[in-house]
Amino acid sequence: MNLFQRVKYNFEESIKTKTAAIELLVDPIVQAGELMAQCLLNEHKILSCGNGGSAADAQHFSSEMLNRFETERPSFPALALTTDASTVTAIANDYSYAEVFSKQIAGLGSTGDILLAISTSGHSKNILQAITAAHIRGMNVVALTGRDGGELFTLLGTDDIEIRVPAESTARIQETHALIIHCLCDIIDRKLIPSSEDH
């Protein structure tokens, strides 16, 4: 396979993954978007976390909330727990990397808030501890996962929502997570900003 064929292959595999996800994920995406919109309407906030590319996804979501998505609107309260290098490195140094998100949630999370937890594998210890911390604080969890959901799946409660991409490839999962994040932003805007219905 030459490089031109490889690029075409990657596009085709990404399309296949998204196509397979349509029937499986529309319902949980809508449920999660509505849950997030209600959270914001009730004057609560959304915290997000992930590692590596998933950390970038967490920041992507929070930036769309704080700035705007495709509609002019007020800022919505959202915070990526991945961005404060001083806090993350202090917790990792003094305690452990597994606690870099959970300790922030213990200080920042409140009942009625939502945690957006992003993990392609579902096995990241700091994400697992973040979910446990969120539950202790009375928060609901929206989890973006892939593969078989990993250990993360076993921690979710009946009021939590998992959006699991039906793929094994980390790249394909992350590409679909980006689309899911845009879908969530679109739902939130349409629920909270009537003028967004026109776009």
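Quick reminder: no glycine exception, Cβ is built from N, Cα and C everywhere.
From a predicted model like this one, the values you see are computed outputs, not experimental measurements.
Feature list (source: Swiss-Prot):
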- ASN51, GLY52, GLY53, GLU64, ASN93, ASP94, SER119, THR120, SER121, SER124, GLN174: substrate binding site (BINDING)
- HIS60, GLU64, GLN174, HIS182: Zn(2+) binding site (BINDING)
- 36-198: domain 'SIS' (DOMAIN)
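Features as recorded by Swiss-Prot, highlighted on the structure.
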residue: ASN51; record: substrate binding site; DSSP class: coil
residue: HIS60; record: Zn(2+) binding site; DSSP class: helix
residue: ASN93; record: substrate binding site; DSSP class: helix
residue: SER119; record: substrate binding site; DSSP class: coil
residue: GLN174; record: substrate binding site; DSSP class: helix
residue: HIS182; record: Zn(2+) binding site; DSSP class: helix
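On a Cα basis, ASN51 (substrate binding site) lies 13 Å away from HIS60 (Zn(2+) binding site).
The candidate set comprises the binding-site residues ASN51, SER119. Of these, SER119 has the most other Cβ atoms within 10 Å. Highest local Cβ density among the binding-site residues HIS60, HIS182 belongs to HIS60, counted as other Cβ atoms within 10 Å over all protein chains shown. The two recorded residues ASN51 (substrate binding site) and HIS182 (Zn(2+) binding site) have their Cα atoms spaced 19 Å from each other. Ranked by CA distance from GLU64 (Zn(2+) binding site), the binding-site residues SER119, SER121, GLN174 have GLN174 at the top as the closest.
In the shown protein chains, 21 other C-beta atoms lie within 10 A of the C-beta of GLN174 (substrate binding site). Contacts of GLY53 (substrate binding site) defined by a Cβ separation under 8 A and a same-chain sequence distance of 6+ are given as THR120, THR170, GLN174, in order along the sequence.
Candidate binding-site residues: ASN93, SER121. Fewest other C-beta atoms within 10 angstroms, ASN93.
Geometry remark: SER119 (substrate binding site) versus HIS182 (Zn(2+) binding site), CA distance 17 Å.
ASN93 (substrate binding site) sits 34 Å from HIS182 (Zn(2+) binding site), taking the C-alpha atoms as the reference points.
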